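J.: Taken from TrEMBL, the feature transmembrane segment applies to 21-43, 63-86, 107-131, 151-172, 230-248, 260-281, 293-314, 357-377. For 241-400, the entry in TrEMBL reads domain 'DUF418'.
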Amino acid sequence: MQATPTAPIQASERHHILDALRGWALAGVLLANMVVFIGFGYASEPERAAGLGSGLNDLAELLIEWLVVGKFYSLFSLLFGIGFAVQLARLEERGEGAARYIRRLAMLFLIGLAHLLLLWMGDILALYALMGGVLLLFRRASDRALIRWAVALWLVPVGWSALIHFAGINLAGPIYGAAMQGFAAGGVDLKMSPATWFNGADYLDQLALHPTEMLLRIADLTYQMRPAKVLGMFLIGLWIGRRGLFAASPAMRPLLVRSARIGIGIGLPLAFVRAVLHMTAGENGALRFAEEALYCVSTPLLALGYAAAFTLLWNGGAPKVLGWPAAAGRMALTNYLSQSLIQTLLFTGAGLALGNVFGLAFVLPITAAIFGCQVAFSRWWLARFRFGPGEWLWRSATYGRAQPMRLARPGGIAAA
């Protein structure tokens, strides 16, 4: 029997809990990234002190580092792994191989590369595409092997950090040095605060340095050993997707309760200690190692705790409240890319140049305003179209033809 070509997932086939959770993860990613865009991540101490509401900077930084940083990109990675499990199940049902999935990853990599070179060096999509290819190697692995590999992958950065801080072996250093040389060659005064430079640089100035910024991004990913962390969360997501933990099944409740208790009960205090160390360790190598090791333990625990608690609340009858950002979650690619565009226009010289104007406490209300607009726009868009613009481009490139965009009109006739 001839296999039916893989088709895009229809609305009736979607797991709405995953859309909602992806929406909340998107909000957390926006908040964490805004710490950089608003200027705080680049700014000198005098620049930080000059921002509006700067007296609340320490409290805001503690709360963001404790509850947000790392947790929501890890949650996004988890959801990627769950989505991989769903796609594998559909491929197996249709008797297809992985060729179309690989093409999908290739298109995602190109989108991520364009995002990095045209908008912002903090792109995560290209790395997701690369690690998604590695994830294919685990498609036949047992559940036990998935968990063992995930734990091992999250421990790799701990050993990596020990090499950096105790043995002086830092492979990211030469890459970082090459990036600094590139900035100097591009006419950037290295004595100038990066926040000041971004505030004064128009889009073309920034665009000219994006290839050099890519080196800086590679150095950062290398220092953090981020690929191992991302793949580790992918594997846990694959395990969750196989077991259907996100389904409203009473049989899953005990495991979800244990996961929430362990993830939040252990992850929350460890993440608090890590946040304090992040703010106070300075250049002390031993304290920096302790902070980075605690990150590698607390972050996946807390991300899993968040996901388990969310699932319990959802299955307990609170989807109307928790499902508020589901439309944004369905358009996650579009919204992720547009967040970079919006923040570039708000906080750099490419637009309003509001970097360094606000203290860190303003990140929360600004995030709420931007994300609220994204949710409203996503609802409006999805009432008329099948996919977000970014999703449509991704799907059309993957399937090799333009996908139907508009929803069917009453009477079953699709709009052109």
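Every residue gets a Cβ built from N, Cα and C, even glycine.
Keep in mind that this is a model prediction, so the values were computed, not measured.
Just tell me what is around each of these and how deep it sits.
T.: Outside the transmembrane segment (63-86), and at least 6 residues removed from its termini, the chain residues within Cβ reach (under 8 Å) are 15, 18, 21-22, 24-29, 31-32, 35, 124, 128, 132, 135, 229-230, 233-242, 246, 271-272, 274-275, 278-279, 295, 299-300, 302-304, 306-307, 360, 363.
Away from its own ends, the transmembrane segment (151-172) comes close to residues 219-220, 222-225, 228-229, 231-232, 235, 285-286, 288-289, 292-293, 296-297, 300 of its chain (Cβ-Cβ under 8 Å, at least six residues beyond either end).
If you take every residue in the domain 'DUF418' (241-400) and average the pLDDT, you get 94.
When Cβ-Cβ distances below 8 Å are used as the criterion, the transmembrane segment (260-281) is approached by residues 58, 61-62, 65-67, 71, 287-288, 290-291, 294-295, 297-309, 312 of the same chain, each at least six residues removed from its ends.
Remote same-chain residues near the transmembrane segment (357-377) are listed as 23, 26-27, 30-31, 34-35, 38-40, 48, 51-57, 59-61, 64, 324-325, 327-328, 335, 338-339, 342-343 (criterion: CB distance under 8 Å, separation of at least six residues from the stretch ends).
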J.: What same-chain residues lie close to the transmembrane segment (107-131): Cβ under 8 Å, and 6 or more beyond its ends?
T.: 33, 36, 73, 76-77, 80, 207, 210-211, 213-214, 216-217, 221, 226-227, 230-231, 234, 333, 336-337, 340-341, 343-344, 390, 393-394, 397-398
